[in-house]
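A short worksheet on the structure shown next.
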Amino acid sequence: MPPTISSSLCTVAALSGRRASQQGGNKQRAVAQPLAAGVVTEAAPPLVSAPRRRGGADELVAWKSIRQERWEGALEVEGNLPLWLDGTYLRNGPGLWDLGDYGFRHLFDGYATLVRVSFRDGHAVGAHRQIESEAYKAACEHGKLCYREFSEVPKPDSFTSFIGQLASLFSGSSLTDNSNTGVVRLGDGRVLCLTETVKGSIVVDPDTLDTVNKFEYEDKLGGLIHSAHPIVTDTEFWTLILDLIRPGYVVARMDAGSNERQFVGRVDCRGGPAPGWVHSFPITENYVVVPEMPLRYCAANLLRAEPTPLYKFQWYPDSGSYMHVMCKASGNIVASVEVPPFVTFHFINAYEEKDEEGRVTAIIADCCEHNANTSILDNLRLHNLRSFTGEDVLTDARVGRFRIPLDGSPFGELEAALDPEEHGRGMDMCSINPAHLGKEYRYTYACGARRPCNFPNTLTKIDLVEKTAKSWYEEGAVPSEPYFVPRPGAVEEDDGVAISMVSAKDGSGYALVLDAKTFKEIARANFPYGLPYGLHCCWVPRDK
């Protein structure tokens, strides 16, 4: 029997949800207040105390539900944290997969768990908390699934309720707001948790991890689905909004401090009956790159009560694969080229290739590409992740490099940017030095593989100039996306640290800090309990 949501966890969620609604968007202070030395003193006991560490190689804590709604406390540090590391690392991801006696089947279905590690003066304070989405609160209140998650659909009680579900699907009201995918810091300092549904945009307090309110878009662009990964800078927010009725993509931007998306331009799909899945996309200094994958949304699969191996998508290899380039300033499409078939969740970066006279001749766009193999989606079922038998079953991946010519050519190129054996033919969950966003760059930090494995199990630094890789590995551990934090005043691209949350083989969990140059461990901050695997992260610098 899988672990279940405890009654105390859901009771806490309901109570804190009512407090949040009573207090509106006002910040609630943290359970623990930091002292000048960076150590915390608890103002009140945690709502649910942290469980003791549980040992044993069969614990598989990475794929087990979190056992309490929230916790906060000082972390034991091994090694020496850099004194310049001053701020908060936030990680979002699906950390609760069980509801009563029912267990979700896919990694992407779980209710969002936000993890925080605050660094100051060589000390670390850790915390986690469930994000109080309407989907999560409804599940706690009713003891069952109430919204459509990635692969799960609420079971109708009758034919009438089934018809009602269809209507609510097309209106978007039954789609989840479970923001379990990304977390970004906006240019005005607000922190936003996201998923692929537009309604699943939720503002959180990075200090307390309280759910503050829904992020309401104050415009008329509408849309039910958008890219789970917007491009965020100190001044801008770029996103893609999918049009499922008239297949295409709307490119929109938003100023820092605003909730109003502005229409920039539109890309019509060149192939297939529906838009290709766009989980992420890249930009350059002057252009937005819109990918069109042959893994396309499928209305028939959206209506199914039981998921197919491709879930809400269908593979249309004959529909063609395309890369579109839009000018940021004018909204005009300056290139639309056919490329070899590809499957990717995550783009890494893009930049403009120029000739000797400084004219832009092509766009280079890099992604974590799965060799056009769609099986990666079904491989992420929790049963597969929890039942590893030592066979090498992880779908191959590479750093896929697109070259998109701007000379009117109808075709673009796709090749591996380096030998995939350098990183174990595993590559996903990348970050870069943010100063190189949209510009030529050399390094990326990712999750790679030491085979045999069924999931990425290393942290890997890729050198795209030397075409080499360095990896960190600990037997049986499952690390999450490494996030690069530059050292203040740094000049060199890799001068900083890479931070990752690790679910260890013995059931424990810790924040790992690697020197980004050498890619050697310099410190780890131990949680008193194991944490499930998480997806994406961000860095919130401390206000001076």
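Yeah, the Cβs are placed from backbone N, Cα and C, and that goes for glycine too.
What TrEMBL says about a protein is an automatic prediction, not a curated fact.
Residues annotated as Fe cation binding site in TrEMBL: HIS229, HIS279, HIS346, HIS536. All protein chains shown were included, and the count of other CB atoms within 10 Å of the CB of HIS229 (Fe cation binding site) stands at 22.
Same-chain neighbours of the Fe cation site beyond HIS229, HIS279, HIS346, HIS536, judged by a C-beta within 8 angstroms of the site's C-beta center, are, in sequence order, THR181, GLY182, SER227, ALA228, SER280, PHE345, PHE347, LEU535. Neighbour counts were taken at the CB atom with a 10 A radius for the binding-site residues HIS279, HIS346, HIS536; the maximum falls on HIS536.
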